[in-house]
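Below is one structure, written out as structure tokens, with a few remarks after it.
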Amino acid sequence: MASHDQEAFLTAMQIVNSSAVDGVLICLIELNVFDIMMQKAGMDGYLHPDEIALNLPTKNPQAPEMLDRMLRILASHSIIKCKLVKKMSGNALLTRAYGLTLISQYFVNAQDGPCLAPYLKLIHHKQMQNSWEKVNEAVLEGGYAFNKAHAGSTFFEYLGKDKSVAELLSQTMAKSIPTSMNILLKSYKGFEGVKEVVDVGGAYAATLSCIISFNPHVKGINFDVPHVIKNAPSLPGITHVGGDMFESVPRGEAIVLQRVLHDWTDEESVKILKKCYEAIPDHGKVVIIEMIQTEMPEDDIIAKNISEMDIRMLLYTPGGKERTVNEFLMLGKQAGFPSSKYICGADLYGVVELYKKK
């Protein structure tokens, strides 16, 4: 064994215990603690655990102490803030009070803006968690972890059977997409001369709504499987269409694939792209919006997010993965597009355009 390094040991220990943080997060989200903090104290104020407990449906006298311990670990990771205040009751002169930060605001359930609470609920759903039990089996024997954990059903087949998981996925997309898309659309100007945009796999049209907000001249078609489309909200400038992208895609001047190809193998991605090729005019294009993997692992926050998402694809999808720019360009070539180009990247997303003509 290499020489002992205590700092390295403590870092390794923290990694082992890191699941305590997201475990606490999901508990507090389900208890609506972040919502209580927002409602009662806003972004600038603080609440004592006693005050939070008063807003929960509990008579447990230990609830404030338990909440304090849960909130304390989040404060140690700078997810929430903490300060010492005079206690409401009891013998201690000072005790801890907690407040929201720019990070923890994204765990408030009842807000119109971006929220990661549905995503955390999704990945902690028992039907998602059980994929971990099958990863090693998939590595050694082949196949896919989610399929093995669900009697052969793929993730997308399972969505048609479990409304709770399907709804969490749709909420996740609706609540998490706009933040990064709005940042990207400040740099990407590829829709300025386009009259009609088809968003393939658009769920509740979060991406298309962002595109139209930056390009109000655009007419939008939101295309997804029927069980998703039937719950999609009515939105100005957007027509919802149900169908199967492996069979056909609605015709449009530009077709958007936002976070779609990462769900599928290379072979299936090529099939999707071929259907898109058939649906665009000679002057049309396919706009791929995805997280872009680097060729070598990097340790900045965006690269870490992308690598972590790649593991989610390994867990849940039938062969999906995050790809590099060169891998996307190769998929376009295999699908018959004679010309393609990486356009730009901003925040988590990058854009690759595929053209029907050179």
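These residue numbers are counts, starting from 1, taken along the chain as shown.
Yeah, the Cβs are placed from backbone N, Cα and C, and that goes for glycine too.
The S-adenosyl-L-methionine binding site annotation in Swiss-Prot covers GLY201, ASP224, ASP244, MET245, ARG259. Here GLY201 (S-adenosyl-L-methionine binding site) comes close to PHE223, ASP224, MET245, LEU257, GLN258, ARG259, VAL260, ASP263: these same-chain residues lie at least six apart in sequence, with C-beta atoms under 8 angstroms from its C-beta.
For the recorded site, HIS262 (active site, proton acceptor), the DSSP three-state label reads helix. Counting every protein chain shown, 21 other Cβ atoms lie within 10 Å of the Cβ of HIS262 (active site, proton acceptor). Taken from Swiss-Prot, the feature active site, proton acceptor applies to HIS262, supported by sequence analysis.
A gap of 17 Å separates the Cα atoms of HIS262 (active site, proton acceptor) and ASP244 (S-adenosyl-L-methionine binding site).
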